[in-house]
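Per TrEMBL, the features are:
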DOMAIN    A:91-167  domain 'YdbS-like PH'
DOMAIN    A:458-520  domain 'YdbS-like PH'
TRANSMEM  A:52-68  transmembrane segment
TRANSMEM  A:74-92  transmembrane segment
TRANSMEM  A:224-246  transmembrane segment
TRANSMEM  A:271-296  transmembrane segment
TRANSMEM  A:407-425  transmembrane segment
């Protein structure tokens, strides 16, 4: 385990300057090297800082409260020390290596674990650099393999090394494969592995010039940020973290004189004004936070296509930068999201349907275009899919029964608050509360109409296009070649209405894509179109 | 044009197997209800409600569910595809090409072993594309597994 080669480590890590020289050196190092190596020694600086930041609220609390704060906070300080020590220990016990066949990561002191990712199973490579990483010229490399396997994470390589590694991991195999192949090639086992070091160097150099830019974020599109649900989620998360910090710092909100006086002066203004002020403040905070969240995660978003390597690259981020590479053959389609406020502003977002990307959090790794004008997003989708007009395909409507089900279901849900309001009106004896019950019912009708209008599907030469939803409207374009199974599902009520849900199971994205409430007679035809040649034998 | 049902029923012993499963569950619930009322935790109408619920589980679980399920659960393996049907309130038909099958597992619980029954689970590359055949007799299960394994060994493209 201690047999790492200090020369290579220094050669790669010692000189942070970007350039062909470093790239070439990395490429030369990369293929034949079977040495176990450690992550960048600069990570020894990152670990303590990271732990201190994590315990920052407690430390501030200790400073504010002083000795009066009580004994239990000192334990947090000791905890911080232990965490720092463990972080340092982790550096000494974590090693990785490459060879022609696989990437391996070994970690742990007593309980040693080795994670291996076979080269031909690598589906995506993700390079993330937090502001701390960037200050030290480091980056974290995540290597995504097939679904369900544990992710291989190399936290702390020097930035040029990480970038070169990303290029190399995805492109060495792809270089020999036919590049104009629009469909999925044969299984990865057949893909050739690049051999000589000279070839590696020349590939690195060629690639940079072959990147074709598909999408670049225009700063003016930040105007879509307040309409995006992602911003709202980010805002809520920040609220939760803020509340945690206030609690941990030992500040007692209820007994604070300043908070008390603000509250009592608000009470003096009258309830109606207070509610209006509250809503305006909340809206303002939401707008600021969602714009902030959008800028932080998507600033400088670029999506490029690399023809020779057969992959797509995205890069984004203001403080924490993130670069993701997706293998083109693993891309099974795209998903257009038009959630409600964004749709009203004629905006949309685009995600990739692909294998090997862990959709942790809000599925950011598979984002192909953040909130942007709808036509720009559609153009991006066309370029990514290589088939123009997939999202503009006229969709087949699902008929009267499906439409009726949209209305009954939407109204059924909205009837609950309506009935509650009427019951409340009887209980307190005020008729106007009962009249308010009209509002949820009107909302139900609007919702049902929106859902009925959205519902539809189409089959094209390559894809299944399915759209549904009112508030979170989604249009999925899934490659039919990617289907591993097809299902026809019908509940008791669906059977009575003469409709069924057709399900396409695939290894990519959300694993299953549903076409909701297709008329029963058309459901089998659709299943046959999804899996041609397999369904007909089971017909009556 | 609708799909026909898959050709094969599961083993006829599966009915007794499912009935036993629900019977065991009912007995456990009955014991819990009896214990609860003797300790004094279950009193008044709650006591009768609890026993009514246990009785319902026993009657429906032993008398209705196994017969219904036996009629609904069907399966078929052809030279190119596997076809299953499951569910009674929500019915689900699934078809997967044999070339897309990744693994074939058999599973035998303690009660299933008593009746010499197996559950065969066929997985594809999709986490949501799993197919399950419950209550096959052991010989049929072994044969199906052998057939499927042979068929999947030749297919290369699992569409991941």
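Placement of Cβ uses the backbone N, Cα and C atoms for every residue, glycine included.
Curation does not apply to TrEMBL; its annotations are automatic.
In the domain 'YdbS-like PH' (A:91-167), helix, strand and coil residues by DSSP number 20 helix, 36 strand, 21 coil. Helix, strand and coil counts under DSSP for the domain 'YdbS-like PH' (A:458-520) come to 10 helix, 40 strand, 13 coil.
Across all of the domain 'YdbS-like PH' (A:91-167), the predicted model scores a mean pLDDT of 82.
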